[in-house]
Amino acid sequence: MVFRKPPDGGWGWVIVVVSFFTQFLCYGSPLAVGVLYLEWLDAFGEGKGKTAWVGSLANGIGLLASPVCSICVSSFGARPVAIFSGFMVAGGLMMSSFAPNIYFLYVSYGIVVGLGCGLLYTATVTITCQYFDKHRGLALGLISTGSSVGLFIYAALQRELIELYGLDGCLLIVGALSLNILACGSLMRPLESSSSPPPEKMFVDKVPDQYFVYHEKEKTVEENISILEKGYIDEKCVNNGPDCKQDSILNKNALSSINMNEKDTYKKKVVEQTNFCKQLAKRKWQLYLTYWKETMVLFKNKVFSALFVAILLFDIGGFPPSLLMEDVARSANISEDDYYMPLISIIGIMTTVGKLILGILADFKWVNTLYLYVTTLLMTGVALFAIPFAKSYLTLAMLSGILGFLTGNWSIFPYVTTKTVGIEKLTHAYGILMFFAGLGNSLGPPIVGWFYDWTQEYDTAFYFSGFCVLLGGFLLLLAALPCWNACTNQSSKLPPNTYSYKVASNA
């Protein structure tokens, strides 16, 4: 599919607005699942690690399926995928209100809602990158704030709905609100080149006529001849009586010779069709081989390889606070009188601020977005190490704000990916990276919960989380250092349309 030059405005700003509300509506409840997490702990009486799987699946399964989501968006477009995913998110939330046990929630809330969110995220990011080039960092920052604003509002909204209507009523109302995604998805007009014919038409035009076994005209003529011959024989048998047998024998001999020729023709056409099917299967197999070859080329880029390790470790360690911070405060015996605002809401509002500021910084020519991303990783690791020392609401609120701001680096992650592999390979590379991000999201909260179940305290768990994030940040920093690139001559080995990071380079 050939796209026009990104307009960097016009209908692109409509895309930004609807993408913002799409992420607001789909990610509001899954990101604010910490409020529901406490209710599920009391309702089902399961362990913290086992119950944490619900929220981790909801935030991780969509990212795990990112390669599939990328294929869906590439094949069907952002608009159909967004509309279909809106039904998935709304249906999954409403189904969760009838959950009889924690295992039902794994499917309804974890898999169905999570997969719908993953499809919507890929659709919004892809179509935004198609509409923007110069202001891509700002545009991605704006749409990514939708999930953060959703986290801030849904944390308080779900708590209020639970008090008024109970857990089941809360999920039904939130599911009904998610149906507004359908209206947002209908406005995602694709940016396609009108001068290029659709791929399906090009493919059909290239197929030679000799490979089509049955032409409509030929089939109609043959049927008419057979009908006329049969009618002629029947009429002659009725009128002539004794002469009918002799004529029928002659006609049978004539028809048998015709049938022999038809059989030879049919066999020839079957052979031609078989060859065509073989060529088609070979072509499909070549496409699959090309896909894996392109994937291997991506991993030859050391920055990209370090990037997927960093995103995996970042999500293992950096995601649990947004899910478990409320339980951390409860485990620290913090009085409700000191509880001025939900910690999840603080994380949400500061994530919004972080996404906007980091997205704006990414558009400055003197800012290297990769080093900016590495800085956020290292600071996140330090903040995670500080959580075990926070024993009051004020310190937990400050750390929640810092972690929320640093988590805003999600707004520049697509920007870093685009600069690393190029816009042509963005969908392919981003799907792979989001798979590892989803793996980290799925494993992080259960690991922290299991640490608590084993030790009855969160200190060891957050030391582990901080170590993971710091390790990923240092590995990415080493891969991006100019001296390392000079030693390995990476810049000369990179495939076309890729970006080599250096200290003096402008992102």
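Even glycines carry a Cβ here, placed using N, Cα and C.
What TrEMBL records for 12-40 (among others) is transmembrane segment. Counting residues 6+ beyond its ends, the transmembrane segment (12-40) has Cβ neighbours under 8 Å at 6, 46, 51-52, 54-55, 58-59, 82, 85-86, 89, 93, 102, 105, 113-114, 116-117, 120-121, 123-124, 127-128, 131-132, 139, 142-151, 153-155, 157-159, 162, 167, 170, 174, 177-178, 180-181, 184-185, 187-189, 322-327, 330, 342, 344, 348 in the same chain.
Tertiary neighbourhood of the transmembrane segment (52-73): same-chain residues 30-31, 33-34, 36-37, 40, 81, 102, 105-106, 109-111, 113-119, 121-123, 126, 315, 319, 323-324, 427-428, 430-435, 437-446, 448-449, selected by CB-CB distance under 8 Å and a gap of 6+ residues from either end. Residues or ranges marked as transmembrane segment by TrEMBL: 52-73 (among others).
For the transmembrane segment (80-98), the list of distant contacts is 22, 25-26, 29, 69, 72-73, 104-105, 108-109, 111-113, 115-117, 119-120, 122-124, 167-172, 174-176, 178-179, 181-182, 184-186, 188: same-chain residues at least six beyond its ends, Cβ to Cβ under 8 Å. What TrEMBL lists as transmembrane segment is 80-98 (among others).
According to TrEMBL, the feature transmembrane segment maps to 104-125 (among others). Tertiary neighbourhood of the transmembrane segment (104-125): same-chain residues 19, 22-23, 26-27, 29-30, 40, 53-66, 69-70, 72-73, 78, 81-82, 84-89, 91-93, 95-96, 98, 140, 143, 181, 185, 188, 414, 427, 430-431, 434, 438, selected by CB-CB distance under 8 Å and a gap of 6+ residues from either end.
The transmembrane segment annotation in TrEMBL covers 137-157 (among others).
Sequence-distant neighbours of the transmembrane segment (169-188) (same chain, 6+ residues past either end, Cβ-Cβ under 8 Å): 14-15, 18-19, 21-22, 25-26, 28-29, 36, 78-79, 81-83, 85-87, 89-94, 96-97, 120, 123, 127, 154, 157-158, 161-162. Marked as transmembrane segment by TrEMBL: 169-188 (among others).
Per TrEMBL, the feature transmembrane segment maps to 303-319 (among others). Residues 56, 59-60, 370, 377, 380-381, 384, 403, 406-407, 413, 416-417, 420-421, 429, 432-433, 436-441, 443-445, 447, 464-469, 471-473, 475-476, 478-480, 490, 500-501 of the same chain, all 6+ positions outside the transmembrane segment (303-319), place their C-beta atoms under 8 angstroms from a C-beta of that stretch.
Taken from TrEMBL, the feature transmembrane segment covers 339-358 (among others). Within the chain carrying the transmembrane segment (339-358), a Cβ under 8 angstroms from the stretch's Cβ atoms is held by residues 31-32, 34-35, 141-142, 144-145, 147-153, 155-156, 159, 321-322, 325-326, 328-329, 372, 376, 393, 396-397, 400-412, all 6 or more beyond its ends.
Taken from TrEMBL, the feature transmembrane segment applies to 370-390 (among others).
For 396-417 (among others), the entry in TrEMBL reads transmembrane segment. Below 8 angstroms of C-beta separation, residues 125, 129, 136-137, 140-141, 144-145, 148, 307, 311, 318, 321-322, 325, 328-329, 332, 334, 340-341, 343-344, 346-359, 361-362, 369-370, 372-373, 376-377, 379-380, 383-384, 386-387, 390, 426, 429-430, 433, 507 of the same chain, each at least six residues beyond the ends of the transmembrane segment (396-417), sit close to that stretch.
Residues or ranges marked as transmembrane segment by TrEMBL: 429-452 (among others).
Counting residues 6+ beyond its ends, the transmembrane segment (464-484) has Cβ neighbours under 8 Å at 302-303, 305-307, 309-314, 316-318, 320, 370-371, 373-374, 377-378, 380-385, 444, 447-448, 451, 490, 501-504 in the same chain. The transmembrane segment annotation in TrEMBL covers 464-484 (among others).
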